[in-house]
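Participant: Shown below is the structure under consideration.
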Amino acid sequence: MIVGHGIDLQEISAIEKVYQRNPRFAQKILTEQELAIFESFPYKRRLNYLAGRWSGKEAFAKAIGTGIGRLTFQDIEILNDVRGCPILTKSPFKGNSFISISHSGNYVQASVILEDKK
């Protein structure tokens, strides 16, 4: 049974402005594993990756119902499976989780569905 659904839409240029003012912003948002992947990319791909992880984590926080106030970005990790699809590899939710991240032009959108295992 679906117990939560969260959606987030983010302008990539807004993330870029924050990142340009404070490059440590990426360390606040990304886990150690995510940061290693982020650092392997060229600049433009880094921005898309960072914005995608931001949006995915915001969508997760909305789906679980707490928002990012009670969770931190470090409580949530989004990596890719062997096919390159994003998956939630770390979160406080114990059920099944499904995530989709899409980029188009200057926007990134993420959707998270949480499903109870019962």
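Heads up, the Cβ atoms here are built off N, Cα and C, so glycines get one too.
Heads up, here are the entries from Swiss-Prot:
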type	residues	note
BINDING	Asp8, Glu58	Mg(2+) binding site
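Can you walk me through where each of these features ends up in the structure?
Facilitator: When secondary structure is read from DSSP and collapsed to three states, Asp8 (Mg(2+) binding site) falls in the strand class. Taking a C-beta cut-off of under 8 angstroms and a sequence separation of 6 or more, Asp8 (Mg(2+) binding site) has the following same-chain neighbours: Trp54, Ser55, Gly56, Glu58, Ala59, Lys62, Gln109, Ala110.
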